[in-house]
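Peer 1: Next up is a structure, given as structure tokens.
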């Protein structure tokens with residue numbers, strides 16, 4: 001018992017001698033500088049490093065911290081009850097003296113000072129820190145510098161197209177939230193268009209904001225809703241007029257089926273396998289175009305709606321259904337020789353609905369009256385009636401095909417006269433749209449075949465319609481300069497469908513009047529049609545996938561509903577309507593042309609040597 005008492009007395013004396021604050025006797029203050037082997041290091045800067053470090057006073061403050069742990073008394077079973085085993089723990093966590101030793105933070109040093117074993121012998125444990133690492137900065141070439149990974153959440157989304165999206169980006173955000181991805185940054189609110197700017201546009205805005213016979217060119221004073229400094233998404237640039245490609249290819253399937261099955265062209269020995277191949281290609285093309293435009297309807301319904309309200313483009317909404325009618329007429333005999341009449345009613349229902357709207361606007365007047373919107377593309381709304389009558393008659397139907405044939409004939413005569421007597425105030429078609437003049441040939445060609453199918457023979461009524469189409473064909477074909485010198489576009493496909501219709505009508509006529517002239521004419525027109533379609537198909541593929549200029553930005557669907565502000569120094573023209581100004585310009589043009597004609601006649605009179 002005496003040695004233990006002596007040890008306790010020594011500890012109390014040492015504690016009393018030190019100048020420390022008054023604390024309970026169970027806690028002992030230990031200075032890190034007085035303990036041997038304690039984790040206490042002083043940083044020595046490297047000679048090769050030029051890094052400046054903080055003051056030494058701050059380093060001493062950050063070098064170490066002490067955590068005091070009270071003495072834990074653990075009773076020993078071998079000793080007497082009054083005797084306890086005293087263990088003093090000192091824990092130290094090393095702090096980095098400089099940013100260079102940041103790697104030291106990952107290691108923690110724990111020391112146990114004056115650890116006594118069961119025999120009372122004290123042991124000391126120490127841990128030495130590794131030497132500080134030396135870093136030498138080296139210049140790095142920009143070309144060889146590693147690229148930092150780009151955080152996809154930091155990318156911004158161009159919200160300027162949201163006004164034409166069906167859900168305005170809401171569906172995209174919902175899908176992103178369901179996938180657990182963070183929201184990406186969006187552009188400022190002033191870039192996102194207001195809902196008032198995407199309301200239904202009145203027809204007056206199309207005439208005021210656009211110019212040209214097809215209303216495709218934006219006026220200089222107008223602004224568009226979509227950005228004009230970048231390329232738009234493909235679906236926004238995919239117009240409804242793309243179905244003109246389907247009309248040209250599907251009509252070829254009908255042509256080669258007629259060549260292979262007609263009695264007047266048996267000398268050519270054409271196999272029906274060509275019809276099968278062309279029909280399969282036509283089906284694939286129609287499905288592809290339908291797929292892309294269906295996506296446009298699903299994702300950019302506002303753009304489709306603007307095309308539908310466009311006074312000229314609304315005629316191209318007949319093209320998809322005409323293509324389906326062509327596929328039904330040109331189906332290979334090896335697949336089926338009989339089509340159910342229900343198919344005809346299904347395909348003609350969209351025609352009837354569209355005709356109620358368009359023909360009613362022609363008759364009711366207003367800005368959409370026929371004299372205002374008359375254009376060769378209006379033939380598409382008439383041709384569908386004759387194609388439907390032809391398909392229905394081939395199925396054995398009578399009343400329905402005659403109904404649509406009568407509607408088509410009535411409106412074709414009105415349209416034909418309106419387009420022929422174009423007023424001086426109407427604009428002439430530019431060179432790029434000259435191919436649409438061939439649409440004059442399409443309606444009478446198909447009408448002659450439809451009437452022949454209804455009557456059972458190529459009688460006088462069919463021949464009258466056929467001769468009208470043949471004359472219009474020749475009158476356009478001899479004008480070579482009228483159809484060259486302009487850039488390729490989708491309007492070129494207007495060549496194909498009318499040329500093919502005229503060739504098929506010629507084959508039908510040669511079956512009734514068989515001679516060398518009719519047979520030669522049928523072969524020539526068929527060859528010209530096939531070569532034209534092949535050349536246009538190759539050109540379309542090149543411009544779509546190689547030159548990538550087949551589908552430019554469609555400015556006609558991006559016009560704003562707000563009229564442009566006129567300048568103060570423009571007070572007179574502001575009060576004049578666009579129609580009145582066009583009348584003045586056209587009047588001046590015609591007066592100039594008449595003056596030139598009078599001058600030319602005077603020059604002829606003076607050629608005899610008479611002087612004025």
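Each Cβ is built from the backbone N, Cα and C atoms, and glycine gets one as well.
Predicted, not measured: the structure shown is a model, and the values here were computed from it.
TrEMBL lists these features:
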type     : residues : note
COMPBIAS : 1-10     : compositional bias 'Low complexity'
REGION   : 1-22     : region 'Disordered'
TRANSMEM : 234-255  : transmembrane segment
TRANSMEM : 267-293  : transmembrane segment
TRANSMEM : 314-336  : transmembrane segment
TRANSMEM : 342-359  : transmembrane segment
TRANSMEM : 380-397  : transmembrane segment
TRANSMEM : 403-421  : transmembrane segment
TRANSMEM : 433-452  : transmembrane segment
TRANSMEM : 464-483  : transmembrane segment
TRANSMEM : 490-509  : transmembrane segment
TRANSMEM : 521-547  : transmembrane segment
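Walk me through where these features lie, including what they touch and how far apart they are.
Peer 2: Only residues 6 or more beyond the boundaries of the transmembrane segment (234-255), in the same chain, are considered here, and those with a CB under 8 A from a CB of the stretch are 161, 164, 226, 275, 278-279, 281-282, 285-286, 289, 292-293, 295-296, 299-300, 303-304, 307, 313, 316-317, 319-320, 322-323, 326-327, 329-330, 490-491, 493-497, 500-501, 503-504, 526, 529-530, 533, 536-537, 540, 551-554, 557.
Distant neighbours of the transmembrane segment (342-359): 314-315, 317-318, 321, 324-325, 328, 381, 384-385, 388, 391-392, 395, 397, 400, 404, 407, 411; these residues of the same chain sit at least 6 beyond its ends, with a Cβ under 8 Å from one of its Cβ atoms.
Distant neighbours of the transmembrane segment (403-421): 348, 351, 355, 359, 362, 370-371, 374-376, 378-379, 381-386, 388-389, 392, 440, 443-444, 447, 450-451, 454; these residues of the same chain sit at least 6 beyond its ends, with a Cβ under 8 Å from one of its Cβ atoms.
Remote same-chain residues near the transmembrane segment (490-509) are listed as 239, 241-242, 244-245, 247-249, 251-252, 254-255, 258-259, 262, 264-265, 376, 432-433, 435-436, 438-442, 445-446, 448-449, 452, 458, 462-463, 466, 469-470, 473, 518, 521-522, 525-526, 528-529, 532-533, 536, 539-540, 550 (criterion: CB distance under 8 Å, separation of at least six residues from the stretch ends).
When Cβ-Cβ distances below 8 Å are used as the criterion, the transmembrane segment (521-547) is approached by residues 245, 248-249, 252, 255, 259, 264-265, 268, 488, 490, 492-493, 495-496, 499-500, 502-503, 506-507, 510 of the same chain, each at least six residues removed from its ends.
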Peer 1: For the transmembrane segment (314-336), find every same-chain residue at least 6 residues outside the stretch whose CB is under 8 Å from a CB in it, and list them.
Peer 2: 239-241, 243-244, 246-247, 250-251, 253-254, 257, 261, 272, 275-276, 278-279, 282-283, 286, 289-290, 293, 307-308, 343-344, 347, 350-351, 354, 358, 375, 377-378, 380-381, 383-384, 387-388, 390-391, 394
Peer 1: Should anything in the same chain at least six residues away from the transmembrane segment (433-452) have a Cβ under 8 Å from its Cβ atoms, list it; otherwise answer none.
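Peer 2: 213-214, 375-377, 379-380, 382-383, 386-387, 389-390, 393, 401, 405, 408-409, 412, 416, 419, 458-459, 461-466, 468-469, 472-473, 476, 482-483, 486, 491-495, 497-499, 501-502, 504-505, 508-509.
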Peer 1: State the residues, same chain only, that lie 6 or more residues beyond the ends of the transmembrane segment (380-397) and have a CB under 8 A from a CB inside it; answer 'none' if no residue qualifies.
Peer 2: 315-316, 318-319, 321-322, 325-326, 328-329, 339, 341, 344, 347-348, 351, 354-355, 358-359, 404-405, 407-409, 411-412, 415, 439, 442-443, 446-447, 449-450, 453-454
